[in-house]
Amino acid sequence: MLLSAVAAFAKPTIYILATGGTIAGSGASALDSSYTSGTVTVDKLIAAVPEINKIATIKGEQISQIGSQEMNNEVWLKLATRVNELLTSGKADGVVITHGTDTMEETSYFLDLTVKSDKPIVFVGAMRNSGSLSADGPLNLFNAVNVAISKEAVGKGVLVTMNDEIHAAREVTKTNTTAVDTFKSPNSGKIGTVFYGNVKFYMNPIRKHTVNSAFDITKIKELPRVDIIYSHANDNPDFANIAIKNGAKGIISSGMGNGNPFPTVLEALGEGVKKGVVVVRDSRVGTGETTLNGEVDDAKYGFLASDNLNAQKARVLLMLALTQTTDKAKIQELFLTH
Ligand code: GLU
């Protein structure tokens, strides 16, 4: 009796913050590939996996109820602020965030850069909706809670747990439109595994995150406009020109190969730099570093390079960088350290 009372007292408190997505989606039948994201509430998500109550004191909160293609700055600021409050106040020992898979890589990196806690923050979602045959959400959620209570997850920054794998937020990306093994970290690999709740880590993320990051959500009230311009053969500068004309403070140029824009786009971006827009070259290739002064004369045009972040993650970092400075050397340094 006494032992079980002590065990109950020792259970960690994990908050599950729900934002929507397929994990909270439902379709007309178990074999229906068309469905609506974000129809199942956080209480129902938790009730579907009673096993998590044995390992943690679970509390649920609904932050939003959207498909993650609708993700926006307001939800990012609200979510990061709430996670920061829960962890720094001591109310939570860890946080699990249920999220659509489309933009999970961006939201998780945003929190990785802005939340000031080394406690576990774990993103989870599903590729099959909750009513689907062989839905992956319940086991993914069980595994995510196990990662969130793991002592080894402390200090690793924000994590994404899907399909029995654990990925670092900076590295992870969605690589397949429909497959359950869609999440990969193409530059560095997964950092751990979680098999029916058995958590194992193999690597540590070393870039600056959470407590060591240059950014702090308590100091960020709004985010500047940063656009992504995707490059292709026979391109034209219209999108670059309109982004500059319409007030983008930063542009991620998702160039060909080692971040090479089409010549007319290169010149348009160079004109943008002269008008004060911060342009970061990135690559549409998906893996590898975009190197400074490769085929593009970055010194001449005043461009920066994204290191090996993909365009959507480079956009998150540039938005945050622009809340602090427009100094290009300082922003380049942030790209080389975060
Ligand atoms: N578009 C939806 C979303 O990101 C579905 C993707 C998913 O959750 O798997 O919320």
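Each residue, glycine too, has its Cβ placed from N, Cα and C.
Under the heading domain 'L-asparaginase N-terminal', TrEMBL lists 14-206.
The active site, O-isoaspartyl threonine intermediate annotation in TrEMBL covers Thr22. The 10 Å shell around the Cβ of Thr22 (active site, O-isoaspartyl threonine intermediate) contains 29 further Cβ atoms across the protein chains shown.
Residues or ranges marked as active site by TrEMBL: Thr22 (among others). In three-state terms derived from DSSP, Thr22 (active site, O-isoaspartyl threonine intermediate) belongs to a helical segment.
The substrate binding site annotation in TrEMBL covers Ser68, Thr101, Asp102. According to DSSP, Ser68 (substrate binding site) sits within a helical segment.
Residue environment of Thr101 (substrate binding site) contains 25 other Cβ atoms, counted within 10 Å of its Cβ in all protein chains. Residues annotated as active site in TrEMBL: Thr101 (among others).
Per TrEMBL, domain 'Asparaginase/glutaminase C-terminal' is recorded for 225-335.
Regional average pLDDT for the domain 'L-asparaginase N-terminal' (14-206) in the model is 95. In the shown protein chains, 24 other C-beta atoms lie within 10 A of the C-beta of Ser68 (substrate binding site). A Cβ within 8 Å of the Cβ centre of Ser68, Thr101, Asp102, the residues given for substrate, is found for these other residues of the same chain: Gly21, Thr22, Gly67, Gln69, Met71, His99, Gly100, Thr103, Met104, Gly125, Lys174.
Close to Asp102 (substrate binding site) in the fold, though at least 6 residues off in sequence, lie Gly21, Gly67, Ser68, Gln69, Met71, Lys174, each with a CB less than 8 Å from its CB.
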